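> The structure's right below; bear with me while I get my questions together.
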């Protein structure tokens, strides 16, 4: 089976899995929501009939009133398009959350919104990735400092800092952001704890249904500038922290995908990512360069020099020490020597004088 | 300036740029939408007063009626949580579009929605990336076939297939998807052409305000199964095509970011990506392996064999032919030979018999 078929098969398998997953989700949602939906439907009909009878609406006025009620939703929440609201809206656009609590109604507004999103979303993505990377670097640095201080005090419980530790810390910070957000919205918006938590999850996944939207009560957009600031920062910081996690999980996956050819010779992707974060603060650039090369199968020096580097850097990086050493050994055998045993057999660096009469001068 | 400072500076610059961009967007949205907002606000107040006077509402009934009108929006559009609607909802969740035309109202529904999104969104992302990759491979293959047939007919207008061509074709397909979607929604939903186009853009950017949502009129979810299928496929196919574009643009960026160390020795990222797509269909795996390695500085064969490969594959790949050849030359000099010129001087593969008495037996 060649590479084309394998990849197409993978794509097909993914499509099938996704559709199965959607079918499964649809069945569960149907089961969970249909009953409540019917109940609300009946309730609405009952109340509408009662009001209709009480006030003797004409059908036309009835529809007019409905339309007015729907249009007045954002109006009741304060001025949606004055500066604070517009800034909130712009944030919701470039993060692709898109609550829809307000949406441009003029053609000019819609046109600008499309152009704004076209450039804003990539910019936002790059910013979040960049912040996520910095967060990860900082966590890796802190973890190593923490380990070193533990070792100095004689504790050896944290022998090595692995990518799993990094991810765990990232996720913990993300969880803390969600908890603080849940508390904030529970207190200020009077949502239940569960609803506030649900809101945070729907926001940070950038789904943003808009069934729960903060800053939509009691003219909050104009009356509570601090709360507006806190909400916008909550969305941006939360997405940055989750970018840090995605950075760890996805970047490794993407990197390993991009170089499938050399994948077999490589460290696990997560290890590469951690190494990348760790090296900035902990490993001398030169050392890392050589060690990095070694894992993809290049040896820019002599093997003896390679071996001497490992113990030097091991004190700092400590990344799957055994597998790194083995991969270097493999490389030494495969990368340069194994593919051309004939040359190795006749390379006699130690006794040049003995065979100098055999050497082609043009090779000098 | 070391790497840490540079990266932190980049992150800081991105944050500043993004906030400036948000400020700019907020000001423009304020300018464009505020006036219309005020007009609608006044209009609503006027009509509400008129209706209030006509029917002499109590304040309580007024609020009740508003609440009913708001709750009845999704009800009027048909059963949102029967199978078709639930499937549509599930699609909107895992694509992170999140129109919010319907959202779970029960706690069980909300809980399942969070779990469903947690696993569904990564799965969807991987699927879209995989399909996008396949689409790109197919486009690269078609472009090469097209060029070859042009050459056979004596036209030489398309000398080389570059990543720009690939991206242009991807974007054209994306544009065609948007045009057909715009036409479909314009005809069936009776939206204006501009609104239908705006809807497509807001959907494919996964913002999904929900100000315009298809399948919400005339019981479409239950009455028009074909239209439901077309809408869901439109969203999925559209996102897959745009993933193909993002794959071309972002993957190259990510890949180059992940291996900054070797970046200097590399082809431009976009070229790597095109090469990766092209090789699947056009270049023999073995040939590519060697050529691929050559660009990162590994030579798993003899130099003479390397050189002979370039003209072979050049007819097929045609990727910056000169720079590829140069990088191979560099590699031949640097990667294996420059670091140990002494060994090269005495490697005599052609006359083993002459020096067989000098060879260490243990090296055989």
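Including glycine, each Cβ sits where the backbone N, Cα and C put it.
Keep in mind that TrEMBL annotations are predicted by a computer and have not been checked by a curator.
Keep in mind it's a predicted model, so treat the numbers as computed, not measured.
Straight from TrEMBL, here's the annotation block:
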type	residues	note
TRANSMEM	B:12-29	transmembrane segment
DOMAIN	B:64-135	domain 'Potassium channel'
TRANSMEM	B:81-99	transmembrane segment
TRANSMEM	B:111-131	transmembrane segment
TRANSMEM	B:165-185	transmembrane segment
DOMAIN	B:175-249	domain 'Potassium channel'
TRANSMEM	B:197-215	transmembrane segment
TRANSMEM	B:227-250	transmembrane segment
> Note the mean pLDDT of the domain 'Potassium channel' (B:175-249), expressed as a whole number.
91
> Can you name the far-off residues of the same chain, 6+ from the ends of the transmembrane segment (B:81-99), with a Cβ under 8 Å from a Cβ of it?
113, 116-117, 120-121, 123-124, 203, 206-210, 213, 215, 221-222, 225, 228, 231-232, 235-236, 239
> What are the DSSP helix/strand/coil residue counts across the domain 'Potassium channel' (B:64-135)?
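Helix, strand, coil within the domain 'Potassium channel' (B:64-135): 54 helix, 0 strand, 18 coil.
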> Using a Cβ cut-off under 8 Å, which residues of the same chain at least 6 positions beyond either end of the transmembrane segment (B:197-215) come close to it?
77, 85, 88, 92, 95-101, 174, 178, 181-182, 185, 188-189, 191, 221, 224, 227-228, 231, 235, 238-239, 242
> By DSSP, how many residues in the domain 'Potassium channel' (B:175-249) are helix, how many strand, and how many coil?
55 helix, 0 strand, 20 coil
> Same-chain Cβ contacts of the transmembrane segment (B:165-185) under 8 Å, 6 or more residues past its ends?
135-136, 139-140, 143, 158, 191, 193, 196-197, 199-201, 204, 214, 230, 234, 237-238, 241-242, 244-245, 248-249, 274, 277
